[in-house]
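Heads up, the thing below is written out as C-alpha cells.
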C-alpha cells in the first residue's frame, strides 16, 4: 500500500547544483577553500573563462572593476580578492554589486561583502563587480574565481592579473592547478560483457534471470571475480543516467559501500562512494579503483574496475572477504548528478562472500513484506470481498428458510467472506508500516486510498453490530449505509490496487497486469449487470412456484431455471475472479 523501498542511498534526491551545492549561491562554507562541495574534483583542462580587471594599480579606497567572462555559459561562481603572494590566504577588501539580479555579496573572514557569488543557477556568460581597496590591503592583490559550468564541471581559483599598490613590484602568479585525488586510468571497453563463465570463473547477478548481457539491451548484469588480493567487477544495464551497485550488511539502505557508473555527456565516470542514511553518496576522496574501463552503446552503460580486498587508505570501504547483500540500481543523471532511481533496486536473495566460490545469484526487486501486502489485498478484494457483496445482493431468494448456526445461510456466508476481507485488509495494511517504519511520502495516492479503504472496512462490522431489527422503522437507514459504505470500499480498493501496481516496491509488469485488473473490473460489471437484469425480469424467470426451491435442495429433484441460472452465474463469477487473481499473484511472485 505504500511505496516502501529497500533502496540504495546512492540514489538520493539532493538538489546539488552551483558552488557548495546551493543554487541560491549562499556558499559561505566554501569561503576558505573556494571548493564546491560536489563530491568531485576540479577540472584541470584549459578554462574557457577569464577574470580581468580594469587597472593594474590601486590605492586604498579606489574602486576596481572585475569582470568574469567566458566563451561558454556558466551557472555558478565565487569571486574573492586575496594577497597575490598567498592565494590560500584570507579574503581582502569588499565588493559592490553591478547587477543585483545575478550576483550577491557574501561575508567571508568576518568581512561583509568580501566575496561575491551567484543568486541562481541561471546560465550566464559574464558577471561584473566592483572591488573597493581597503586601507590595510597588501602590496599586491589578485582576484580568484571558482567557476561552475555545471554540477561536476568546474574550475577552481582562476586568477586575474596582479594589481599592485603604489610602486610595489607585482608578484609572480602562483600555480592554481589542482590535481584530482580520486582519479584512475580509464579505457574504452572494446565489447560488451558476457555471461560466459558465470558460476564457474565469476559470480553473477543477472536480471531478468537468464538474459545475456552481450546481446540483450534490457539485461542488468553484475559480475565479480577474485585474483590474488584484487577483485574485478563488471557492471552493465540499460539506463539514461547511471547504473550502480552497493555492498550492504543487511537488506536496508544506509552504511553501504557503493559504486557508481555515471554517464555524463557520453563519458562515464566510475567512482566509489559511501552512503549514510538516505543522503547523497559521499564519493571517495582517495583512489581505490584501478583498471577502470567503460562503454556506452544502444542505451546501455557498462563499466569495469578492480579494487583491493582490503583498502587501508580508505577505511570506509568494506573488506571483500566478508559477506554482503548486493544492491543493483539505475536511474537518470543530469550533468553528472544522479537522481532518485525509477525502479526498485534489485536485491540479492541472500548475502554472499565476495571472495567466495563463484555463484549465479538471484534477486528480487520487491521485499517479501510488500509481496505479502499485495497478495493479501488481491485475495481480500478480488475474491472474498467481491464474492461476499455478490451473495448479499443477488442470492437472498435462494436460501429462504435454511439456517446455519441459527442464521440464514446467505447471511452466514456473506458475514464469513466479509470478515475475511476485513481481516486480510487489516493484516496487509500493517505490513508496509513494519517494512518502512513510517509513512511513505513518495507513494502518491495509493496510501491515502488504502487508509480510506481500511476505515470503511472497519465501519462495516461496527454498523452491523448496532443495526436495528429487521422490522424497525430505522432499518432502511442501516440498509442504505451498509450498501453504500460496502460498495464505496470495494470501488476505492480496486482503484487503490491500480495505483499499487505501479509502486516501486511492487512494480508489476506494465501494461499486462493493468490489463488483467481492467478485465477483472469489466468482468464484474458485466456479470452484476446480468444478475440485475435477471432480478428485474429482463432475463426470463421460471414459475413463481419453482422459485421457492432453495439452492441447497437435492439437485436430483426438480430445480427451477432461475436458481440454476444464478448458481451458474455465481460459479462463473468465482472462477473468473480466481483466474484474474491468480494471474496477478503469479506476477507478484515473479518480481
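Here the Cβ of each residue, glycine as well, is placed from N, Cα and C on the backbone.
What TrEMBL annotates here:
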type	residues	note
SIGNAL	1-21	signal peptide
DOMAIN	12-180	domain 'Reelin'
DOMAIN	218-331	domain 'DOMON'
DOMAIN	335-536	domain 'Cytochrome b561'
TRANSMEM	374-395	transmembrane segment
TRANSMEM	416-435	transmembrane segment
TRANSMEM	447-466	transmembrane segment
TRANSMEM	478-500	transmembrane segment
TRANSMEM	512-531	transmembrane segment
TRANSMEM	567-588	transmembrane segment
Among 374-395, 416-435, 512-531, stretch most in contact with the transmembrane segment (478-500) (C-beta, under 8 angstroms): 374-395
For the domain 'DOMON' (218-331), the number of residues DSSP places in helix, strand and coil: 0 helix, 70 strand, 44 coil
Cβ contacts under 8 Å made by the transmembrane segment (567-588) with residues that lie 6+ beyond its boundaries: 366, 371, 374-375, 378-379, 382-383, 386-387, 390-391, 395, 398, 506, 508-509, 512-513, 516-517, 519-520, 523-524, 527, 530-531, 534, 551
